[in-house]
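Student: Before anything else, here's the structure in question.
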């Protein structure tokens, strides 16, 4: 698991189970359930680096769509609606992607 040593496996599984149905993903509930919301700034940055698959320094829409699969390879992709909602919640400067500071603010929201 990509988050081994950062997140608890049982909490991650519970978070994924909580949004297994299409259009049920809620980033606030997810970050709380998986334990990321209570992690240090450094740990949140580590999580960002894992999710930023292309190492561009940003999480783009395509990476957000596959967000849950960073936590478990068998997790579903987010729906287009969920992806757009997640992106608009995190993209505070309107550039169409989420930077590390925007991600940190989203996790702690």
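Yeah, the Cβs are placed from backbone N, Cα and C, and that goes for glycine too.
For 52, 54, 56, 58, 63, the entry in TrEMBL reads Ca(2+) 1 binding site. Annotation source TrEMBL lists Ca(2+) 2 binding site at 91, 93, 95, 97, 102. The annotation domain 'EF-hand' is assigned in TrEMBL to 39-74, 78-109.
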Student: Going by C-alpha distance, which of the binding-site residues 91, 93, 95, 97, 102 is nearest to residue 63 (Ca(2+) 1 binding site)?
Tutor: 97
Student: Where the distance is taken from Cα to Cα, which of the binding-site residues 91, 93, 95, 97, 102 turns out closest to residue 54 (Ca(2+) 1 binding site)?
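Tutor: For residue 54 (Ca(2+) 1 binding site), the closest Cα among 91, 93, 95, 97, 102 is found at 97.
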Student: Within 8 Å of the Cβ centre of 91, 93, 95, 97, 102, which other residues of the chain have their Cβ, at the recorded Ca(2+) 2 site?
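Tutor: Near the Ca(2+) 2 site, beyond 91, 93, 95, 97, 102, sit 58, 90, 92, 94, 96, 98, 99.
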Student: Do me a favour and check the Cα-Cα span between residue 58 (Ca(2+) 1 binding site) and residue 91 (Ca(2+) 2 binding site); whole Å is fine.
Tutor: 10
Student: Would you kindly give the Cα-Cα distance separating residue 56 (Ca(2+) 1 binding site) and residue 97 (Ca(2+) 2 binding site), rounded to the nearest Å?
Tutor: 10
Student: Between the Cα atoms of residue 102 (Ca(2+) 2 binding site) and residue 52 (Ca(2+) 1 binding site), what distance do you get, rounded to the nearest Å?
Tutor: 13
Student: Neighbourhood of the Ca(2+) 1 site (52, 54, 56, 58, 63): other residues with Cβ within 8 Å of the Cβ centroid, in order?
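Tutor: Other same-chain residues with Cβ inside the cutoff are 51, 53, 55, 57, 59, 60, 97.
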Student: Using C-alpha atoms only, work out the spacing between residue 56 (Ca(2+) 1 binding site) and residue 95 (Ca(2+) 2 binding site) and round it to an integer in Å.
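Tutor: Counting only the Cα atoms, the answer is 14 Å.
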